């Protein structure tokens, strides 16, 4: 892979001051600088957010919407960035079921070793079983010498004559009988004697590299044929293999990888169901035996009253046949036990609500038992008590020894050890063990190499002491981050930008060098690594240093240096460089007198501690250090801290003693971060805000105006800005950066509060101050000053006092927490325990921390720190070191002395500490080595066997344009989408927590492939089927609507939909101004109405607690604590009763703000002679006082209830019945006949009254225009047929009679925008969203160039970028409000293309489905250029190419074949296929024919009906007065560029004219067939037999068989779609999706019906040895031969055979077919079953999805239709199909407004005479066959 520059400019995130950075891909970039300088803002808030959001936006909506919570970074331009992954501390906090072994794939590698070489054993006797897995058999055969001839044999299970005939029909030619090979035909008449030992020869081949795929296919066929048995003959040596063994009625099969996963269904422990934990009930009262499950008899079980648990429990009750309402004591012990502890392989079908689908969906849940579910949570948590009720206890499962594995897996061994024993070994011991393992097998060596590599990563990262079964949730933050790094290294993803957050945290200095090596490996895999680091040693790791500073917060945010590390050390003058050069150092304090008081801790044995006793000095700074895993946390956090807590509770722990001293208080400052929200600020955290608010409330003006302390809190409604609720910012949508509130300009408060000053500053000014400024400002207020000084003492002086805690870095949060504790220091001698307090701190900040910690010891307190940072260790008064290693080798006390004494010892810390004390610390050595190139830049696919693929291996070069060619159904789609796309999605999704990745994996089943390596994140661009077409507009599909809605929400000005006047804003201040103007000196009562539907008693109780005391109703006031009358009218909470006067304006403002905080509407009562009520709502109003809501993003979106049009529900279109438009269709009916057609049982009198009796009985065509309109539209006595039919449609939406009369028409209310009136009247520069949606992209670009503010710059920039890509794919002409489902195939595909490429990322693997098919030749260069640009931008493009048109432009081509279906799926040599070499810029293609056979076209006889034509004069959309005619009984082709109007001509022109002629009966054709381009819509249930209506005849035949009659089986019982016939467990699907929570879905054949879909009883009926389920698996060609006597099915079967689909099973699911196969099916259905009556076929781009082989015979077939008396008009872009027509119509010359004109009409051979034609240069000039 080549290294490319990455540019990021104009970064304004948080404190970054419009900075720009650059670096190269595949570099290690180290971001450094003082804490709070802006490093995390660049790394995480800019680079990570941008890379992640851009890639996620291309994923399916259900996944993308789950994880787009990151705000868009404020940045001007990003170029060259690849998809990003952030690895932070606590990286796996959401991975509830993960262990070290499962996450790093150690267990999956070990399971594979057990599968291939493990010894299966009998669980009872432990005796070895002689079994082979498929992989083991293959591995054994692969060890044979190259070039040896081998025969693969399978035992012959049946030897009778009928069986021999059947084998011969299947293509087998030889058998091996008693050691000798014989031709199979020699036994056709006699059969084979029973006493002969016979094998059938599956295949004979030479073992070579070229034959591996064939070898795999033949071997697996042999095992399937021999039901688990086969043999291999080579050089007269016979090797026999068996995959089954039966002992005591138990059949044992070979070991599989799934057996060694506690999450797999069959392999889990039968007692704990895979959790490894046994939960015992110690208190029997936890279960109330008198209650039922429905009544929640088990207090620890999920609540049955919830929908989720009730559904699951009901499914359990149905499966076990018991009632949920039965008391527990009356349930059988077996059911009780299953409820509590589950049952093996118990899978429940449940219908749960699926949020991604928006409906209930059938899924299958494994029932493990409620106790085992609890055990599962306990197994993976650090706080088991959270899940254990009192009276319950958790123990390791006695049956599986805590592994969760079943007994068969538990006793299996490999290299003398069980899987359980491996799980309990440390990673160091694993490494020692596996380094000794030798294997002659190449495949085993490869697995061992991968496993050893992962172990090396983990050990190099200092994690060797961990055991692989350690739950990730129990690891420290640093351990989790380093485990994540190892996981990513093992995953071998390419092209990722990894962003690491201080990976050296928690790492001892001796392990840092190993960490450096591991991170370099991550880079050398082809990734970019961004490090946020402070560790000096990490400087030697970086390829580039970016130093941010110079200070922190507002004093930072600038790029001080960007370049090579050596230049940084030599030339930079920043604090970081000075500390590295030791120009600045942290001094070691002078030695103190010997301590006089000590703390003694004895008998420390928890975890790996070796019975330690320690002695710690009091009133000193003590450092506890040691290598990772040595026992520091166990000693301090798990032993010392609990002992101190017990001592302070006066429980006198035996292991704690004091010598001449004591501890009176414990402060344990952990690394757990405090709650962070936008409403928490530093002032609130250190408790200084209360004092400041009291100070402002005590000012004279505050006292005069009645402003209290609450008014100065932005979290209280009294003073907070009503618009932003006190936040100071407004968020347009979740993924946008907040913008300053337009009402308070970011000040958080309303104006009256801001008028209160103290020393010239208001409360907002105080919040804007830094701690440095505030410390000086409040110098005269000791209480406030002391608290702010605590921040400054910890170098947080730069921090704005009002900055939300949610925006602080990790280092800032740690110091803020410490400042909080320092403020509340006690006179009691306190022990402060800190766990790595230097986390996130720069060396400069560490110095301040040390000063604070030492000051505490000078006050007599004791400070104990767990620390690896040598700057801290060197200044400690006393040091404890644990070691010497981690895990079992740790837990010893190596040193207990002063730092100076420590460096005299030979310990790991002593070696690291010595240079710091002696002042001999060297500047890190910088090795300017270029990154080593990855070993392989290829995407490697091994053993791909999805669908038709024949276990192929291949390598695809990265950063190339790759074409995958081959016939239809040869495996192209399976390879590109089912394997590459699925593998890439799963690999990328697995880098996220399970709660996120679960959504994507739901839609991504595990691919059938051995291994895929070298993938980058993938993006697919597929053809959309009709069922997947969106009703959204172009603007919505491309993300333009979202940006425009945000833009109008910020800049839009509302106008009245009624008067079009500009609206004025209603705010609390405008309400007060109105009151002062109209009711000055009157008294008012300000109230908040009680919400309708509220429980009045409960509501009032809550309000009483909040301090409200009065209720208002009908002019009366009531105390809330008194008895209230019933049936109160308009009750409202009283906020305030006051006089309207300027003096009271602030109290009025406060009261109104409080009222609005309680409800969206407030009522103000004016106390006059006649009391008057005023109602107000915030928002906008017109001059007459009509109220309108606030302008929000939701209000401007048709996807939200607030914004959508009520008439059309936001769709922009309505269904309409207008009989006036269909008069010709219904002209022959009388009014009474037409009425009774829809309402046969209704009363006819209204129709007769409406029309004269004689007219009601006449045909509609004889009515006058007025009478016909009355009949359609109605009168006062009769609503009209239009209205009646619309009412009928509401109750019978699928009525076949009404559907032809329906038409979609633009909604008159919203004019097609989908927005309500108000939203359509929000304008910018007098332009509304409706105006924009009615224009094209060019108009929008011009509009955007006229507007813009600082707040909207990023939105406008994003919109302009999207418009650029719309232009690139040639769609600028399309109206933005046009619906997506109205686009042509080519337009729709380019729409998806524009969306996917607009992310502008690098290192993506783009997967395209036929990018050049269905395009006009003129558009081909545009798309090819786009694909090449993607490659030039360092991406990989892989595209299927059935037409071979991309191959000439590809860098690499793969050919699959040689045939379709079972005959395809092999990897072919490139020289076996001849493909066209197309010059996209030449007049004539260089090679015209692919495949080789030339098209043979016989011209139709034009004399018959040659004078009959179909004429149209069309005006619609951009087409005006287009006059064109098409001859009938001829092949008529329509060509033209996309968007020129071809489909409009076909459907709005020729189709409607044909319907009119048919209605009049004045045409030579009597039927009309319209065929669109969409592949046939498919569901999980539809198959070929149902689509062609073959299944009913076959079902009827089976039902007529004697056996069916004897069993009383009707034809419906052979249907997979009826309850009587379908298998009840899989609902007739033949398979089950096993929901494995956050693992990819597993598809398994249904065990009940064995995948045959029909119920077992129906499988008893056989015909020629096959039941109906087996018949559905039979190829079409075989069905045609077997059932020639069923006449009804011969026509569809012949059509399928003629088009070349005979290889497909008759019951093949339509959803499983390739696009080419689906199109071929549709073609066969409509065109190969010739209708009996003369028919006009209108075909809209159907043929573009056919492969060349099927397309070769298409002109001949179309010609046969013409010769049979039919007419064909088709749209296509294929030049060969266009020139094969009798008559060609070309529309153009451009798209949209530039199209719609007739360029040519006539014979294709005359096109060269045309001056206007664009097609003529593509059509061959040779003479067409006559």
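Positions of Cβ are set from backbone N, Cα and C atoms, glycine also.
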Which range of 673-696, 697-720, 721-744 is zinc finger, per Swiss-Prot: 721-744
Correct range for zinc finger (source Swiss-Prot, candidates 1596-1622, 1623-1649, 1650-1676): 1623-1649
Candidate binding-site residues 37, 627, 629, 633, pick with smallest Cα gap to residue 1543 (ATP 4 binding site): 37
Neighbouring binding-site residues, C-alpha within 10 angstroms of residue 1538 (ATP 4 binding site) - of 40, 627, 628, 630, 966, 969: none
Residue 39 (ATP 1 binding site): secondary structure state under DSSP, collapsed to three categories: helix
Chain-internal residues, separated by at least six, CB under 8 A from residue 973 (ATP 3 binding site): 1409, 1440, 1714, 1715
Alpha-carbon spacing, residue 1541 (ATP 4 binding site) to residue 36 (ATP 1 binding site), which is rounded to whole Å: 59
Surrounding CB atoms that lie within 10 Å of the CB of residue 34 (ATP 1 binding site), all protein chains: 28
Candidates 33, 37, 39, 626, 627 (binding-site residues) - the one closest to residue 967 (ATP 3 binding site) by CA: 39
Count of other CB atoms lying within 10 Å of the CB belonging to residue 40 (ATP 1 binding site): 27
Average pLDDT across the domain 'ABC transporter 1' (1-581), rounded to a whole number: 85
Whole-number Å value for how far residue 34 (ATP 1 binding site) lies from residue 972 (ATP 3 binding site) (Cα to Cα): 54
Rounded Cα separation (Å) that holds between residue 39 (ATP 1 binding site) and residue 1540 (ATP 4 binding site): 52
Remaining residues near the recorded ATP 2 site, that is with C-beta within 8 Å of the centroid of the site residues 626, 627, 628, 629, 630, 631, 632, 633: 465, 508, 634, 882, 883, 886, 890
Cα separation, residue 971 (ATP 3 binding site) to residue 1539 (ATP 4 binding site) (Å, whole number): 32
Where residue 1543 (ATP 4 binding site) falls in three-state DSSP terms: helix
